[in-house]
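Student: As annotated in Swiss-Prot:
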TRANSMEM  25-45  transmembrane segment
TRANSMEM  63-83  transmembrane segment
TRANSMEM  97-117  transmembrane segment
BINDING   Gly104, Ser107  Na(+) binding site
TRANSMEM  129-149  transmembrane segment
Amino acid sequence: MDSQSPSAGARPITHTTTPPARKLPDIHLDIVLVVFCGGAIGTAIRYAFAQIPAAGSFHTGTFVANMLACFCYAGLTAYLAGASRFGARSKELASRGLGMGVCGGLSTMSTLALEGFTAIRDGQVAAGIAYLLVTFALGLVCASAGVWAGTHLAGSSNVSAEASADTNAATTSKGGKA
């Protein structure tokens, strides 16, 4: 056998490539500030809801806070996606400040998990599981309702903005002032 043949123990040539370096995300201080301020507001509202007394294993304050956050965040997202009268920067600030900040500070997955786990640990297994399931199911319902509301609000604001533009254009074309 030829000593140069691959079967004679010669190693095949391999090409190694180094993966491209990961680029760190750009941190914008104005976005950090609106998230921080929104989070403070959402957390304060969450604290107010926490003062609502629980009904057995059903923690009303946590439930209301989470449902409101689901509805508002989904509604805000749908509204901003459909509203054409705002620029990209305004939409980003609103999404980060109101959505991530206020709604993020308002909602509380960790407290929900703790309350459900505590009920189960304390022997209220059915009540704890029911609380968790009802919260998740109604959270989806609230988010769906929020998407519907946000979509319709965006559609009606776009229609009114277009009607206003049409009225201004008609007035201008007739020699009036816009």
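Cβ atoms are placed via backbone N, Cα and C, with glycine included.
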Student: Residue list, the transmembrane segment (129-149) vs rest of chain: Cβ under 8 Å, 6 or more residues beyond ends.
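Tutor: Apart from its flanks, the transmembrane segment (129-149) reaches 57-59, 63, 66-68, 70-78, 112, 115-116, 119-120.
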Student: Sort out the sequence-distant neighbours of Ser107 (Na(+) binding site) for me: same chain, 6+ apart, CB within less than 8 Å of its CB, listed by position.
Tutor: Gly42, Arg46, Ala65, Asn66, Ala69, Cys70, Tyr73
Student: Once the chains shown are all counted, how many other Cβ atoms turn up within 10 Å of the Cβ of Gly104 (Na(+) binding site)?
Tutor: 19
